[in-house]
Amino acid sequence: MNVNPVVVRNIEIGSGMPKVCVPIVEKIREDILSTAKAICSTEADLVEWRADWYEDVSAFSEVIKTADMLRSILGETPLLFTFRSAREGGEKELSLESYATLLESVAKTGFVDLIDVEVFSGDDAVKNIIQTAHAHGVKVIASNHDFEGTPAREELVARLCKMQDLGADILKIAVMPQTRSDVLTLLSVTEEMSSLHTSRPVITMSMGRAGALSRLCGEVFGSAVTFASFGKVSAPGQIAIEDLKAGLRLLHKYL
């Protein structure tokens, strides 16, 4: 099944080499903005603002003000807005109502290009967030993060298909391997999704050192975006952006 790329500003997610996303994981606005400026000097294809790290995330007006400043700094580099819940490895927890309001408020501003929506936040809430985002021209990455292990192949496929059924533009799952076979399971599911189940871009990763290979071989198996570190890591096993770019290019050269 051919992937229909998702076009966001100057990049196509789902075609060619996997796009490299660098997360910003800082607590105060000054550091968020200075990190964004520094990332602009790298080869990052897109930037993720992990707002769950932001100390003022509960004050939505402050979040929007910071998003506005980030937009100005990043220019044409796409911006992904993410609030990662504590239950999925993030720094904070919000009520479902606050979580939905935060994402919808940010999507309406026009300052961000994509938002991350955790697929197990409740089907109705997820659908409403996705509809609001789409109404304002914002793309949606539906996501699920499992830090405890790697579910069975059938379960991984079911979770990714659920994201598609709810209307997400891009389907993302991250799991923690306990064995090398777990990494193979994740890669096999990635290939199966793009071959059989969806024409939407898929993002997958096996976390930790054992899963580092999955961050490099997306072009082979069908993962459209890989996350790199720039100073700080936002998830275990992330590779520094300069090393990741070099690895992606080397693999691409021989494919």
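Each Cβ is built from the backbone N, Cα and C atoms, and glycine gets one as well.
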Checking TrEMBL, the member of Arg29, Arg71, Arg215 that binds 3-dehydroquinate with Glu48, Trp49, Arg50, Arg84, Ser234, Gln238 is Arg215
Around Arg215 (3-dehydroquinate binding site), how many other CB atoms lie within 10 A of its CB? 24
If you measure between the CA atoms of Arg84 (3-dehydroquinate binding site) and His145 (active site, proton donor/acceptor) and round to the nearest Å, you get 9
